[in-house]
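Encoded as C-alpha cells, the structure appears first; notes follow it.
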Amino acid sequence: MSRPLTATVDLEAILSNYRYAKQLHPTCKAFAVVKSNAYGHGAVRVAQYLEGDADAFAVASIEEAIELREAGIEAPIMLLEGVFEAAEWELCVEHNFWTALENPLQLESLLALGKPIEKVFVKLDTGMHRLGVSKEVAAQYVQTLRESGLVGEVLLMTHFACADDLADLTTMKQLTYFEQARQLIGGIEASVANSAAIMKWSVPEGGWIRPGIMLYGISPFAEVSGVDLGLKPAMTLTSKVISVRNVAEGDKVGYGLSYQAEQDHQLATIAVGYGDGYPRAADHGTPMLINGQAAELAGRVSMDMITAKLSSESAQGLAIGDDVVLWGAGVSVEKVAYWANTIGYELVTRMTSRPKIVYRDDESSL
Ligand SMILES: Cc1ncc(COP(=O)(O)O)c(C=O)c1O
C-alpha cells in the first residue's frame, strides 16, 4: 500500500464557485485567480477545467503564466504584479499576457520596447501601501499609455487591505479614493474586488472582478465558513490510520511529550505531517474525522505523522486502515486553520508536492 495521503480536488465545485462569483456581479467579467498553483489545487488542471467559462486567468508571475500557456490555455492571462524586469515584456507580447503596471520602471520599459500589449491595468494605491501609485500619478500613467498607442485598453485597478473585516471602514475609504481617481482620469474600466469584496461589499459594476479564495470554496472571513457563504469546498485532504495503541491516564505523546492523556484512551497515528503541509502549529484539539466520527489532534505534529484521539470520551474502535478526513468534506479548512492560528489560504497554498492530488471529475491524479 502506498502512503495514503490524498488531496481530492472537485473541479466542478471550482467551476460552480466561479459562476457564483459572476452571478453576484452580472455586469462584470471575472478573472479566475489561479496563482500559487491555484491556491494549491493545481493551476494547470484548474485552468483547463475552467477554460471556456473563465473570461481570463490571473497569476502572480510570468513563470506561472507561461506554465498555463504551455499547457494549452488560450484565454487571456493577467500578471497581477506586472513584470519584475524589462525582459519580460517581450514574453508578454509573445504570449499575449495582460499586466498590472504600478511603477515607473515598468512604464518606462514598456514604452522602450515599443510593442503592443492588449490590456494594461494601472494599479492605484488606495491605502494598502503595498503596490501602486497615487491618483495623480495614475492619471499621468493612463494618459502616457493611451498616447503611446501601444496599449489596446488601459484600465484602473486597486486591491483592498481589509475587505475581510466588514466592520472596518478602510474599504469604504479605499473605494472613495478609487472613485476620485476615476473622476480625475475620466471614463476608465475598473478592477477592484477580491473574494471578500465580491461577496460582501458594494463595488463598481462593469469592469473586472478577481475572485481567488472563493473559487476554492474557502471563506475569506474569519467568522464564517465557505459553506455558510454558499460556496462548495473544492479540496478534501484525507489519509488513514497507520497505527493504534492504548494510552493510559498520564501517558505523554509525541515530540516534546507535549500531550498528556487525562484518562485512558485509544490513540491513532495518521499518515500526514508538516512535510505535507499540515500545519505544525495545529494545537491539541484540532478537529478531524476518523471513520466519520469527530476526532482531534493529540500530540505535536511531526514531519510525516500526527497522533489523534476520538473526541467522545466513551468512543472506542479505532483500527489500522480507518479513513481520516483532515479537512474538506465535514471538517472545514477554515476551522483547522483557526486551530493552527492561520488562515485557510495558507493551509491549501502551502501544501507540498507529497500529497497525491486526485481530480474528482475523472479520478485521474498528478
Ligand atoms: C491583486 C489581487 N487580486 C485578487 C486576489 C484574490 O484575492 P482572494 O483570494 O482574497 O479572492 C489577490 C490575492 O491575493 C490579489 O493579490
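The count begins at 1 with the first shown residue.
Even glycines carry a Cβ here, placed using N, Cα and C.
Since this is a predicted model, take the numbers as computed values, not measurements.
Annotated in TrEMBL:
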type: MOD_RES; residues: Lys35; note: N6-(pyridoxal phosphate)lysine
type: ACT_SITE; residues: Lys35; note: active site, proton acceptor
type: BINDING; residues: Arg130, Met303; note: substrate binding site
type: DOMAIN; residues: 234-360; note: domain 'Alanine racemase C-terminal'
type: ACT_SITE; residues: Tyr255; note: active site, proton acceptor
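Of all Cβ atoms in the shown protein chains, 11 besides its own fall within 10 Å of the Cβ of Arg130 (substrate binding site). Over the domain 'Alanine racemase C-terminal' (234-360), the average per-residue pLDDT in this prediction is 96. Counting only the Cα atoms, the space from Lys35 (N6-(pyridoxal phosphate)lysine) to Tyr255 (active site, proton acceptor) is about 35 angstrom. With helix defined as DSSP H, G or I and strand as E or B, the domain 'Alanine racemase C-terminal' (234-360) counts 16 helix, 48 strand, 63 coil. Tyr255 (active site, proton acceptor) sits 11 Å from Met303 (substrate binding site), taking the CA atoms of both as reference points. DSSP gives Arg130 (substrate binding site) a coil state; it is part of no helix or strand.
Of all Cβ atoms in the protein chains displayed, 11 besides its own lie within 10 Å of the Cβ of Met303 (substrate binding site).
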